[in-house]
Every structure is written in structure tokens, then in C-alpha cells.
Amino acid sequence: MASEVVDATAPKPRGGRFCTVCNERRAALKRPKTLEQICKECFYAVFEDEIHRVIVDNHLFKPGERIAIGASGGKDSTVLAYVLSELNIRHGYGLDLFLLSIDEGITGYRDDSLETVKRNEIQYGLPLQVVSYKELYGWTMDEIVKLIGLKNNCTFCGVFRRQALDRGAALLKVDKLVTGHNADDIAETVLLNILRGDIARLSRCTSITTGEDGPIPRCKPFKCSSVFNLLIDSFEVGPLTCSSRIYSPNAYRGFAREFIKDLERIRPRAILDIIKSGEDFRISTSTKMPEQGNCERCGYISSQKWCKACVLLEGLNRGLPKLGIGRTRGLNNERNKDMKATNGTKALQSKQCGTLDF
Amino acid sequence: MQLTLEFGGGLELLCDSVKIHNVNVEPQAEGKKLTMKHLLSWVRTNLIKERPEMFMKGDTVRPGVLVLVNDCDWELSGQLETVLEEKDIVVFISTLHGG
């Protein structure tokens, strides 16, 4: 018994190793990229440098640009707001930064996270713009869920959110929109696009900047950065996980995410390798790609006649919420017929999804 | 043995939305040390009220759940074999789907 007690006080397995960078403090995590064991302080420094390099090497920003940070109140965007405001000052990027938040209108869901964003607004002194689904589309997510139930509502939320960010960015008259998508998200998207056979998206989903020919390009400075787990711990962030996204018990994405996390456990580099594979995917030049045009109804970029949001809204407003979920071919083919019907009846009570010029 | 357990990133929703739990956990047997392995099964039985599959997979946490023992990633302390001591702080954060 006595010897056991001695054993227990013998060198603990944890806390024994020092940070491989500063060699002063106790290591607190393993970087998945390098497997170095480093301390929190050095992790911040290394991480910030990494993002600075990404920004400089990819010429993400030009001095004097107005940049909107897509801020959800979750870990990624909170860290993004912090890192960008920090680097902007430290390296004199000369950027005008703004926070842009979307309120989907889910009771009890955004409250916490909007609080987080408001805190970021004060902490980093960045002006905040909140845009709601109600304002943009005439529907809150609560109302949509009431109509269509818990299945498939992620489709609505996702499609609406994507446009909402662009529209909010247009309101703020910014030059670029940055989002906190990290390596996990990109890897997940690569897999999903392969599974869906969506060659057009597959070929652009790994780019650090997208939509450069469009009105508001987007970029993802965290594209190849995986773990800011310790950062999450240090920031007070909202409980913004899909597991808490109360309306998304069946989100398809979740399976891909879980698969990726399983892979990561076996081999941490797997995530970066998937991104690399996505980047290296070459699509034969003879492949016919869908042409990017504009939605005939709201002007948003769309490869179809109507953009997805307009199709979904149409369904909602006509009381056929399943419209646009799954294959959209039906609607876009029958478009002319539909257009006549709807134009004639003025059945649309909600706002059409756009009056903004891009 | 007194421990402080913290749940974050959405995991708190699995245990009545309480983030911080001060708990008293005893090792499996007299004279044995308390390991993370045992703590996890204790948490699953005593704290997790719903959807345990969001927290655990097999006998360990679900991939994507980060575990910190005294502010240190448990990968550095031996994961399931990590030996816990009086007043240790264990943090569980879900990193899945964070926005």
C-alpha cells in the first residue's frame, strides 16, 4: 500500500514535457500538422504567424479594403475576428474590418451566440451588422420549421444563410467577405461534393478565395488550419455546434464530419490530405460545366434559372415546402408555367429575395 | 476524489445545460488510481442525461470531442490511461460543427 502511494507521487506522465518551441512552459497540445508538443502561448504565436503567412502568400487583402467577417458567435468566427483584428494592427494591413451576423430567427439559438458577437464587437472594436432571415426572406426559421417539420430544414437554413451573408456584405459595401471555415469544413465539403458528383463545386471548394469575378469575393484564411481547440477554450464562445443547432438532427453533413473526425483520429494529417486531393482534382477540359448565370428573379449568382433560395421561397410561399428539396429540375423546367401562374395571382406575400444590386 | 468537470461546445446540453460540475468520483477499487477511462464511464452513467452517443463512441469520447486535463490536451497525458488526482479539472469540448 505504502509503495503505491510513492508511485502515485512519482513523476506524473502528464506535465512532464516542455514545449518544443519555447522550452519553458509545459506543453499543452500536439499540433496535428507537425505533431510537435507545444504550450498554449506558443500555439497562439505559431497560429497567428501561420495565418499571417496565408494572408500574405495568397495576397488575400489589399490596403484600404473593407472586409466583412462572417460572425456566427461560434469558435471559428470568434477566433477569426480576434486574429484578423490583431494581425491588422500588428502588421499594418490597413483594413477596415466589420462583423456581419445572420439571425435565422431560431428561438433560443442565436441569443447566446449574438451575445458573443456583441462581445466581440466591443472587445475588438469592430462595427457589427445583424441581418435577419425575416428581413431578407419574410420567414424566420421557426416559421419554416413549423411548416415543414424537422426534416430537411437544414436545406433552407444553409441556402438562406449563404445568400444572407452576401446580402449583408452588400449592405456594408465591403470589398470582401471572410469566413472562419477551417480545414475540417473544407475536407468535409470535398467529400460531400465527391459523393454528390458535383464537379463544379468540387473544383472551386478548395480555393482560398472564391467568387473573384463576382461582386463580393469570399475568402477562408483558416482553410488549412485545423485545431484551435485551445483557443476555443480561451474564448467565450456560444454553444454553436450543429449538435445544438436544434433543428438539424438529420443533417447529412454530420455524417461526413464524423467520418473525417474518425479518420483524423487514425491519422491526423488525413484532413489536410483530403484538401490536397480536392485541390489536385483535375477536371477534363471536355467536361461540360454548368454555366454560372444569374437568378432571373433576384439576380443572385445561380447556375439555374432561379437560385436555390428563390426556389425554396417559392415553395414556402405557395405552401409547397418540399419544392426544391432534392431535385430542382422539375421546377426550373416548368418554370414558364409557374411564372405565369404566380405573376398573375400575386400570391407571394413575402418579400422576393432581393432588391439589392450586387 | 473531488474533480471539476466542464462541458462546452454544446456538450452541456447533454447534461441539463449545466456547464460546470463539481463531482466526487471514487476509483473503481480501493487503492486503485482513478483513470480517465473510469471517469468517462462514470460521466456517462451519472451526468449524461440524453443522447450519450453524442459524447461517447465505444469506450472513449466521440471523435471531435476535445478533452483537456488541467488545461492540457489528454493526448499528451495518455488519453484513457491518464491518471486523475484530487482537484483536477477535466474539460470536454465538442469541436464538431462549430461555426
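Even glycines carry a Cβ here, placed using N, Cα and C.
Some features that TrEMBL has for this protein:
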BINDING   A:GLY70, A:ALA71, A:SER72, A:ASP76, A:ILE102, A:GLY180, A:ASP185  ATP binding site
DOMAIN    A:67-203  domain 'tRNA(Ile)-lysidine/2-thiocytidine synthase N-terminal'
DOMAIN    A:293-323  domain 'Cytoplasmic tRNA 2-thiolation protein 1 C-terminal'
Cross-chain proximity of binding-site residues to B (CB under 8 Å), evaluated over A:GLY70, A:ALA71, A:ILE102, A:ASP185: none
Under 8 Å by Cβ from A:GLY70 (ATP binding site), same chain, sequence gap 6 or more: A:SER77, A:LEU100, A:LEU165, A:LEU177, A:VAL178, A:THR179, A:GLY180
Neighbouring C-beta atoms (10 Å sphere around the C-beta of A:ALA71 (ATP binding site)): 31
Tally of DSSP helical, extended and coil residues in the domain 'tRNA(Ile)-lysidine/2-thiocytidine synthase N-terminal' (A:67-203): 82 helix, 20 strand, 35 coil
DSSP-assigned states of the domain 'Cytoplasmic tRNA 2-thiolation protein 1 C-terminal' (A:293-323) in counts, ordered helix, strand, coil: 10 helix, 4 strand, 17 coil
A:ASP185 (ATP binding site): tally of other CB atoms within 10 A of its CB: 23
Largest separation between Cα atoms (Å) of residues that the record links to ATP, namely A:GLY70, A:ALA71, A:SER72, A:ASP76, A:ILE102, A:GLY180, A:ASP185: 19
Same chain, 6+ residues apart, C-beta under 8 Å of the C-beta of A:ILE102 (ATP binding site), given in sequence order: A:SER72, A:VAL130, A:VAL131, A:SER132, A:TYR133, A:ARG161, A:ALA164, A:LEU165, A:GLY168
